[in-house]
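Taken straight from TrEMBL:
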type	residues	note
ACT_SITE	Asp273	active site, proton donor/acceptor
BINDING	Glu130, His194, His215	Zn(2+) binding site
BINDING	Ala141, Asn218, Ala219, Arg226, His250, Ile306, Ala307, Gly308	substrate binding site
DOMAIN	52-379	domain 'Amidohydrolase-related'
Amino acid sequence: MKVALRGRVVTDYEVWNEGFVVLEEGFIHDVLPDELGLPADVEVRDCGEALILPGFVDLQVNGAFGIDVATTPERLPELSEALLATGTTSYLPTVISSPERLYRECLPQLSREIRSPDQRGASPLGVHLEGPFIDPAHRGAHPEASVRAPDVGLLEWLLELAPVRLLTLAPELPGAGAVMEFARNRGVVVSAGHSGIELDEAYVALDRYVASVTHLFNAMEGLHHRNPGLAGAAFAHPRVVCGLIADGFHVHPEIVALAFRMLGPDRLYFVTDSVAAAGMDGGAYPLADVEVHLEGGTPKLASGVIAGSVLTGVDAFRNILAFTDCTLPEAARMASSTPARLIGEDGRKGRLLGGYEADLTILFPDLSVAEVWKAGRLVHRAGERTA
């Protein structure tokens, strides 16, 4: 049985105010600007003035709703279900630099949950290893004792423990070239981050190995007119894409707007970098091997260092629209198709096109989450759980 959702359909480049997204057997059958061409054997569900978007794809989720990916990996299904209410339908569980003990404990469990056929919430598409091969001087909230020099043998061991899709490292470190080449040959996307790399060396790394920059402007040198650094290389390079924490705190809204003008929606994507404190009241929460304190809406270490965010997918979507002059289709690309393409999910996730998986986020006109559809099924409706 085909189901057609009628509403304001947000395609790659325009909004169809009375469009239709036709779903069949877990996939998008067709996307139509009007009722012409609508199959006869279809059940139409009217979404009114709501926006119909591809589900959000978040490539940096350390945790949320009291759940930390690294210390409680067995709760990943619970996290996946909770993320639906934020509009996120696919994500990368993220593990920061950790002692080998914690990797040994958490990564196999994450692997089992990621590969489980019984998934009811947002899809965990693989692991984002943020570290441990990062610059100690730009480690941010990563514990210094867990930061490691680039080591192909260590990376090989980590890749045996879990399906890693994205690896953040500092490309300038001795031995990083061999690690990046090994990762790329194993199908892992390499992202530069937590790095003090200078422009010329950064450009070489972007040309050879690096496809992305992790949380642009954070845990790196600021953009300087005499020393552009990693941020300047990212702006200048024609291919690399950049993740950005769009909470208005990690990066000032005017700089978010600048990044959008420089990179555009096909080279900029937003992440939450959320931690277990997201969606919770103040208090102490784990982030891998460190403790995070939530006070005044900002998660920090006891030292005062910022440790992730409490941002959600729908918050980031609203913020991008508020901070920049982007259109709804451009915001949707930054939320969905650009991150999906980075990790090789183009053709499957992140767009409203025939043949793509039917993962949809539907927003009320005020940009709050109305419904979420996963694999062609209604799995979340505002105020209630349907899955």
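Cβ coordinates are placed from backbone N, Cα and C, and glycine is handled just like the others.
Please treat TrEMBL annotations as automatic predictions, because they have not gone through curation.
Fewest other C-beta atoms within 10 Å: among the binding-site residues His194, His250, that description fits His250. The domain 'Amidohydrolase-related' (52-379) scores a mean pLDDT of 97 in the predicted structure. Most buried of the binding-site residues His215, Arg226, judged by other Cβ atoms within 10 Å, is His215. Secondary structure at Glu130 (Zn(2+) binding site), as computed by DSSP, is strand. Comparing Asn218 (substrate binding site) with His194 (Zn(2+) binding site), their Cα atoms are 8 Å apart once rounded.
Listed in sequence order, the binding-site residues from His194, His215, Ala219, Ile306, Gly308 having a Cα within 10 Å of the Cα of Asp273 (active site, proton donor/acceptor) are His215, Gly308.
Here the binding residues for substrate are Ala141, Asn218, Ala219, Arg226, His250, Ile306, Ala307, Gly308. Their largest Cα to Cα distance works out to 29 Å. Between the alpha carbons (Cα) of Arg226 (substrate binding site) and His194 (Zn(2+) binding site) lies a span of roughly 20 Å. In the three-state DSSP assignment, the secondary structure recorded for Ile306 (substrate binding site) is strand. Proximity note: of the listed binding-site residues (Glu130, His194, His215), none has a CA within 10 Å of the CA of Ala307 (substrate binding site).
For the binding-site residues Glu130, His194, His215, a Cα to Cα distance of within 10 angstroms from His250 (substrate binding site) holds for His215. Looking at Ala141, Ala219, Ile306, Ala307, the binding-site residues in this record, the fewest other C-beta atoms within 10 angstroms of the C-beta turn up around Ile306. Closest to His215 (Zn(2+) binding site) by Cα-Cα distance, out of the binding-site residues Ala141, Ile306, Gly308, is Gly308. Taking the Cα atom of each, Ile306 (substrate binding site) and His194 (Zn(2+) binding site) are about 13 angstrom apart.
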